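Trainee: Have a look at this one.
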Amino acid sequence: MNENAPTHKSSHKVKTHTPVSGYHIEDLRTYPTEKLLEIANKLKVENPQEFKRQDLMFEILKTQVTQGGYILFTGILEIMPDGYGFLRGFDGSFSDGHNDTYVSPSQIRRFALRNGDIVTGQVRSPKDQEKYYALLKIEAINYLPSDEIKNRPLFDNLTPLFPDEQIKLEYEPTKVTGRMLDLFSPVGKGQRALIVAPPRTGKTELMKELAQGITSNHPEVELIILLVDERPEEVTDMQRSVKGQVFSSTFDLPANNHIRIAELVLERAKRRVEMGKDVVVLLDSITRLARAYNAVTPSSGKVLSGGVDANALHRPKRFFGAARNIEEGGSLTIIATALIETGSRMDEVIFEEFKGTGNSEIVLARNIADRRIYPAFDILKSGTRKDNILLGKDRLTKVWVLRNVMQQMDDIEALSFVYSKMQQTKDNEEFLNLMNEK
């Protein structure tokens, strides 16, 4: 576990079923240091200005308990191999620290808790020789009373189907990225999509556009952005640009931390899908996640080209393969970036291994980006399997007629043609009608 992982402010709102007095850990995490000092002085904490921020929160909570208050904590459950678990805070990196709450094996068995469950409960402060808070009473699991989730299904037992409901990405007439994707590479609930991206082709901006389109058109969808091995400034930019929850493990952290964060995010998404929710995970990038797995996988003696161990890609494939539309209700959509043309043979091997696993591909082209055309979207190479289910017969026919016309053009001409026509229309319906008249 990495105790030096960066923390981020959480906008997560705690939902409880019983009123509990006092300050909550989640609230304290969001307060500026000046506010924490004000609270500490109010509670008569000795010399609060001498404490670091994390330690000051700890002192406030400890003092609150000694004065008869309660602590209510909501966190994501991470179960350890030995059977006990911890509730991690919504700080964007699930970093472990003194503010985490210990959950005993007996509580996990009694309430049939699973990795990724969001647990709300009353906790007590650490006793002598104890390092963590301890969970006393569970108030809610995944924001529901505990008795309501006892019969929930297991994710792996649910029936996967082809995506049959489109996620609309078009949200503004001038934002043509979502409009193009809606027609030429539509994304449905339960899609397993790859964004194939050479360096500097605008994949980060594309991810922001996807997030904006999803949150604008589908408030019922829970959006999670997972950034693996990214630069810290990219994480901050993403947090400020999108409305979904951003979880990250930056490049200065070890590969084990990348894997831990990714798997906990996936388990959280699965728990929501088990309850019939629609969840979208935007992953940047599947290539770096696979690299992390390759770094920690014990050598099997079978090494593929580029230094990839033959067994290293099984777990990232399981991550990507979790995306599915569920017959019983709910869906898990994963849209992941795959890096190509990086100069690394390992990245090429990873891409080839994932190439056939998705059911949708969004291809970005370096030669288009070099012309300063964004999005650098290769319309001719991008597409979605079974797009007839998502588009409907009438729209599909119009799109295929348009594709046939563009087959006579190169990729830059095709994109420029569509881009210019979309700029003249306010939505895709008007665009298709305009194309139909020509």
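Quick reminder: no glycine exception, Cβ is built from N, Cα and C everywhere.
These came from Swiss-Prot, pasted as-is:
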type: DOMAIN; residues: 70-145; note: domain 'Rho RNA-BD'
type: BINDING; residues: Gly188, Lys189, Gly190, Gln191, Arg192, Ala193, Arg200, Thr201, Gly202, Lys203, Thr204, Glu205, Arg231; note: ATP binding site
Trainee: Among the binding-site residues Arg192, Arg200, Arg231, which residue has the largest number of other Cβ atoms within 10 Å of its own Cβ?
Mentor: Arg192
Trainee: With DSSP helix as H/G/I and strand as E/B, how many residues of the domain 'Rho RNA-BD' (70-145) fall in helix, strand and coil?
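Mentor: Residue counts for the domain 'Rho RNA-BD' (70-145) by secondary structure: 6 helix, 33 strand, 37 coil.
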Trainee: Would you mind checking how many other C-beta atoms are within 10 angstroms of the C-beta on Thr204 (ATP binding site)?
Mentor: 17
Trainee: Name the residue among the binding-site residues Gly188, Gly190 whose Cβ has the smallest number of other Cβ atoms within 10 Å.
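Mentor: Output over binding-site residues Gly188, Gly190: least Cβ neighbours within 10 Å is Gly188.
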Trainee: In sequence order, which residues at least six apart in the same chain have a CB under 8 Å from the CB of Gly202 (ATP binding site)?
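Mentor: Set apart from Gly202 (ATP binding site) by at least 6 residues yet with Cβ under 8 Å, we have Leu364, Ala369, Tyr374, Pro375, Ala376.
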Trainee: What whole-number value in Å do you get for the largest C-alpha pair distance within Gly188, Lys189, Gly190, Gln191, Arg192, Ala193, Arg200, Thr201, Gly202, Lys203, Thr204, Glu205, Arg231, the residues recorded as binding ATP?
Mentor: 30
Trainee: Take the domain 'Rho RNA-BD' (70-145) and average the pLDDT across it for me.
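Mentor: Averaged over the domain 'Rho RNA-BD' (70-145), the predicted model reaches a pLDDT of 85.
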Trainee: According to DSSP, which kind of secondary structure is Arg192 (ATP binding site) found in, if we only use helix, strand and coil?
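Mentor: The three-state answer is strand.
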